[in-house]
Amino acid sequence: MAEDKGDTVVTHHDLAPAGTHVSDQFHEHDITDASQMPQPASSKRWMAIGSLIFLYNISLGGFLCVVPIIQYMNRDLGPDPSYTWLASSWTVASGVGLIVAGSLSDLIGRRWFCISTGLLGILAALIGALAQDVPTAIGAMAVMGLNGGLAVNSFVAVAELVATKHRGYVIGVMNGSAIFWVSCGSLIGHEMTVKTKPGWRSIFWMILAVNVVGTVFTFLTYFPAPALGGRNLSKRKLIKDFDYFGLLGIVVGPTMFLMGIIWIPEHGSTSGEFVGPFVAGTVILVALGLYENYGAKNPLLHPFLFKRIRTFTMLLVTAFVGGMLFYSLQAFFPTYLSTVYDGTDGRQVGIDGIPFGIGTQVGGVGSAILLPIIGPKIGTMWMVAFGVLLQVLFIPLMCLPGLNTKGMALAFSCLGGIGIGIIELLTILLIQLATPDEWIGFANGAIGLLRCMGGSVGTAIYTTIFQSKASQLIPRDVAAVAIQAGLPQSSLLEFLGVLTGAITTTPISAVPGVTPGIIEISSLALRRAYMDSFKYVWYASIPFGVVSLACALSTKDLSPNLTMKVAQHIKSELSIEDAEGQGVPSEANTTVPIHVKPEHVASRARRSS
């Protein structure tokens, strides 16, 4: 199982590419050491878990409050045509930050990465609250994106502190604790913007306050034992053999790729702004894959995991394509509500978004809690497939609601949201089961980055489709109605510009020849044109859904890995005497794992479950 090489201990995970049988991975979560047995719950462990859950909540909550009000920020600080990067900078930074934090924390420990989550939140809040122009605010959102990426790494920090079989329960509660922000973030952001004296800056001051509390709480409570991936490496050896080229690749490659994709809606798919970064990012990612597989001494991307096609790689593909589905609804639903039903009433848009938020929470929490209960009975593959099926069914059904059936649209968004929640959280849990505990930070980061990349690709595609169809349908349908109602031909272009918001300097009543009747009938035609344009977005989600469903059906059941093994513990949970009595290595002797007979401990663990 282990081979001594200098001051390292190479386990069978490191040797996997050389021929380890794929079935061996279904024993990676068996208990092979008495230190991995479940211990009585301690207040120190639960306080640490509580601090990590709090950090995740406040990171997600801040983002969900800020994103819906970026137009207000642009209006106050600009206007600046680059304001769309207020959201895009968060996307890029969070995706890259997640995989970097996950990969590095596997080797050097998660404590300071988790503390840095709060510190980055504090920095982002200060920059945002004091920003005097849009570029500075974009910088604040980029730092907030790093905060968000590191916050998602908290899922790993929490998961490794509980038995593998119980991760679903704890992660489900962790995800469910954010229901307030997921359901009401948009509403809260709007209310704070319009009803407080500092306006949108109030949100950043709130983010500052809660991150100070979260940082102190985590600093005082979270003291994990040495990282599993680097436990048997000296600091000197770790620094000497570290995969620096791999780290550079996972920072630069995804960043360039995402920047290119994000430029598509604004500059087009043939522009240099898209082609340059996209091609560069793609080439870097391909080169990175080849280097990690054939050239790296200690590859940061662990190529042996990608050879687990049905248990690891297909989950990544499902997450990538699922991200394309997810963003078709999440990113476009507020715009859909405002253009078709709610107009400029931001408060009502926030209220109407609550069913979708509740749906994602029900799906995520429900699937996580049910994983250890029904996973062994029906197989994890069917659970993943069910989540994808809900998306494939109800996102395209968004084509059916009419202008007077908003309730149907909200119901379909809720049901589609359940599927989104299932895939978003269940794949996080399953990718951990498909990976040795030493590298679950990387696995969590990889699936988060792939979901982010898929979402960016999907958003670019859907935005292009929507803008293309809207530019065709609005002039055709609205112009015909307005002219028929008596609008002079000479006023048509100005009228359409004011009606759609493209012209903001002229009141609509000041357009020559316009009447209240023309405004009313044209506004109705505009809503209908927007609704028809969105139908093509919902249609476009179908092929992605079919691909995602096929990938989900090709995954392998991972329920055999739901054991009672506890991968990590808090340093001070056990005294030295207790540790020595239970086979836990002391601080002075952590380079040589203490093993008991696997068959005895594994059978004992299964009896206890």
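Placed from the backbone N, Cα and C atoms, the Cβ positions cover glycine too.
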Among 353-374, 441-462, 463-484, find the range that TrEMBL records as transmembrane segment. 353-374
For the transmembrane segment (353-374) and the transmembrane segment (202-223), check the count of CB pairs under 8 Å (sequence separation 6 or more) and say whether it reaches 3 or more. no
State the non-local partners of the transmembrane segment (312-333) in its own chain: residues 6+ outside its ends, Cβ under 8 Å from one of its Cβ atoms. 305-306, 353, 356, 384, 388, 391-392, 395, 398, 413, 416-417, 420, 423-424, 427, 430-431, 434-435, 443, 446-447, 450-459, 461-462, 466, 534, 537-538, 540-541, 544-545, 547-548, 551-552, 554-555
Give residue numbers and ranges for long-range contacts of the transmembrane segment (82-100): same chain, 6 or more residues beyond its ends, CB-CB under 8 A. 63, 66-67, 70-71, 73-74, 134-135, 137-139, 141-150, 152-153, 247, 250-251, 254-255, 258-259, 262, 266, 442, 444-446, 448-449, 452-453, 455-456
Could you check whether the transmembrane segment (169-190) and the transmembrane segment (381-403) come into contact, where contact means at least 3 Cβ pairs under 8 Å with the two residues of each pair 6 or more apart in sequence? no
